[in-house]
Amino acid sequence: MNLVGSYAHHHHHHHPHPAHPMLHEPFLFGPASRCHQERPYFQSWLLSPADAAPDFPTGGPPPTAAAAAATYGPDTRPGQSPGRLEALGGRLGRRKGSGPKKERRRTESINSAFAELRECIPNVPADTKLSKIKTLRLATSYIAYLMDVLAKDAQAGDPEAFKAELKKVDGGRESKRKRELQQHEGFPPALGPGEKRIKGRTGWPQQVWALELNQ
């Protein structure tokens with residue numbers, strides 16, 4: 001049924017004056033009348049009165065996005081359920097937390113290795129705190145001492161004869177070994193036939209520790 005045609009025909013039937021030409025334009029009254037007639041139908045099809053929220057009447061304008069999110073919940077978009085978001089957040093949290101744990105385990109392993117190395121160095125006073133670099137220097141010095149013992153073809157090397165040099169000395173490794181050999185004059189040499197070992201402590205001299213602790 002053409003609403004514009006019927007309206008123009010009805011108006012011409014009661015009034016002798018000719019209809020205005022603007023009344024016959026379909027774009028003035030056709031779409032507006034169709035929207036006015038079809039809007040209640042589509043609103044009743046989308047939201048029935050039983051399903052409509054109490055804040056939004058059936059005949060009113062459609063709700064905004066913010067109001068719809070407040071009514072139906074924020075996670076109504078497809079593919080973004082709360083469970084998936086929580087699982088993703090948990091994986092990211094575990095990834096961030098694994099870095100500090102690995103670094104802490106590495107530090108603990110290094111510290112325990114240096115503690116074991118300090119126990120292998122003889123004649124170190126119990127109240128002396130050695131840094132990592134000093135521990136490595138003493139370990140290399142003790143290894144050089146043991147190599148000298150083997151090179152001189154002596155009997156079992158006496159750990160008490162090893163002196164812990166904690167002072168920082170200049171020069172190359174060879175000069176350092178020469179100085180250590182000069183300081184190890186008290187280390188027991190190989191015994192000849194009929195000779196007896198002199199009793200007494202031949203450990204590190206106390207002045208070496210005093211010089212190191214006074215620095």
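Every residue, even glycine, has its Cβ placed from backbone N, Cα and C.
Since the structure is predicted, the reported quantities are computational estimates derived from the model, not experimental observations.
Look at Swiss-Prot and you will find 65-75 tagged as compositional bias 'Low complexity'.
Residues or ranges marked as compositional bias 'Basic residues' in Swiss-Prot: 92-104.
The annotation domain 'bHLH' is assigned in Swiss-Prot to 94-146.
The Cβ of Thr107 (phosphothreonine) lies under 8 Å from no Cβ of any same-chain residue at least six residues away in sequence. Annotation comment: Swiss-Prot describes Thr107 as phosphothreonine.
All chains included, 10 other C-beta atoms sit within 10 angstroms of the C-beta of Ser109 (phosphoserine). Following the DSSP three-state reduction, the secondary structure of Ser109 (phosphoserine) is helix. Summarising the annotation, Swiss-Prot assigns phosphoserine to Ser109.
Here Swiss-Prot flags 53-109 (among others) as region 'Disordered'.
Here Swiss-Prot flags 169-202 (among others) as region 'Disordered'.
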> Taking all residues of the domain 'bHLH' (94-146) together, what is their mean pLDDT?
Replying inline: 88
